[in-house]
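These notes concern the structure reproduced below.
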């Protein structure tokens, strides 16, 4: 088996191959200085296109780096030598493959044929030349396409002496005779000015100068973009502004009209859908009415009560499927609303959670509360004559700060009415916390407290002792004393009286302010 090429041979070979002008650009995208190669096609690629080829798979394209990889074998080098970007471009163009997409291009019939051709040429070159670095076509063709011969500078070619170019021209044979004749003619013209340097008009000298620089000047001495019309600044007239404004107004009107049309169409579609839905509801309601007519009386009543029917029901306020009716609000007959006794708990704001409820006339709260507590027949409780604490405006607290818990009410009311507690327990030798805060519910304590209250009386009766003074309440009557414990009733009564006093103070202050402000009128 032949020895593998070393790193020096690989670098020398690729330096010669990359010197070919067509191999200086990527075969797919045309990027300069490609450093990767596809052995399958013998072409040079950039790093981006090499990634695309790598994604195609090794069965379509085998990628190697011309600078980093050093494990090339002779067959791979022969494939690169017999290939090249120029040969691949000509083959693909000849077979009508002009696609830019890599997947389409390298899966085509032309790519398959070119892969087979490169493999056959590489195998033939390997069998013929073995481990020789160069092959015949490269030794004869590559120097002719070297950049030193083809990409020569124009000024260097005409300013340097032609001695270096004459020997190669003389060795080319009959095919280079016209070029040799041109070189000899140019040499004779260049020597003419030196022989006639004293002539009054050295025309050959000036002609030679004009052929070197004069022909290049017109291409280099191009003016700027000022000569081209339509690219510079133009004067704007008032007519152009008016035209632009008119176009903007027309566009704005068109947009408004389109928006109005769209809105109208949306409304029409919505009305049509609502009308259709209402018709469907009516049809369903009629069907349900027919079903309910077949039921018996009791079953029909149960169906209506449970919401199983769609007919109008007296016990149900409203149904979605029933006919729509306009509900008008009626004006209340009297300013004072009739409420039950339990609504009084919500008015005070002490035992109810949430916002307090008020009557229509806030100034009548004090009177109504006072009248309720003063009439013993209304509540069926004993009225105890106690000294009311002094109520001021500063002692009124906001509704949001009022307590919503019974224990908080007891603590706060006992703290605010400390003077009343002193008067109440002034003659007692010892008291407990339950007695002080009103939490004692024992019957013995109730009896003792009543005895202390009636200690100064000359005579007492059973109705005074047990809280049934008038005996107006029969066995079947319901009073607040039957609902709440006695201690809670007393505490609640005291709280209501306090609130009534505060409201009275507020009403008095409002009336005084009104009299002070409007009294002079």
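Yeah, the Cβs are placed from backbone N, Cα and C, and that goes for glycine too.
Marked as coiled coil by Swiss-Prot: 242-308. Looking at the coiled coil (242-308) alone, the prediction's average pLDDT is 83.
Residues or ranges marked as domain 'Arf-GAP' in Swiss-Prot: 11-127.
Marked as N-acetylalanine by Swiss-Prot on the basis of similarity to another entry: 2.
The phosphoserine annotation in Swiss-Prot covers 140 (among others), and the record cites similarity to another entry as its basis.
For 146 (among others), the entry in Swiss-Prot reads phosphoserine, with the evidence type similarity to another entry.
Positions annotated as phosphoserine by Swiss-Prot, on the basis of similarity to another entry: 237 (among others).
Non-local neighbourhood of residue 240 (phosphoserine): empty, since no residue in the same chain at least six residues away has a C-beta under 8 Å from its C-beta. Residues or ranges marked as phosphoserine in Swiss-Prot: 240 (among others).
The phosphoserine feature in Swiss-Prot is assigned to 312 (among others).
Here Swiss-Prot flags 340 (among others) as phosphoserine, drawing on similarity to another entry.
Sequence annotations record features per position, and here Swiss-Prot assigns phosphoserine to 364 (among others) based on similarity to another entry.
Here Swiss-Prot flags 368 (among others) as phosphoserine.
Residue 432 (phosphoserine) counts 10 other C-beta atoms within 10 Å of its own C-beta, drawing on all protein chains shown. What Swiss-Prot lists as phosphoserine is 432 (among others), and the listing cites similarity to another entry.
In the three-state DSSP assignment, the secondary structure recorded for residue 433 (phosphoserine) is helix. Summarising the annotation, Swiss-Prot assigns phosphoserine to 433 (among others).
For 513 (among others), the entry in Swiss-Prot reads phosphoserine, with the evidence type similarity to another entry. For residue 513 (phosphoserine), no same-chain residue 6+ apart in sequence has a C-beta under 8 angstroms from its C-beta. In the three-state DSSP scheme, residue 513 (phosphoserine) falls into the helix class.
The region 'Required for interaction with coatomer' annotation in Swiss-Prot covers 97-521 and rests on similarity to another entry.
The zinc finger annotation in Swiss-Prot covers 26-49, and the record cites sequence analysis as its basis.
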DSSP three-state call for residue 240 (phosphoserine): helix, strand or coil? helix
Across all the protein chains here, work out how many other Cβ atoms are within 10 Å of the Cβ of residue 433 (phosphoserine). 8
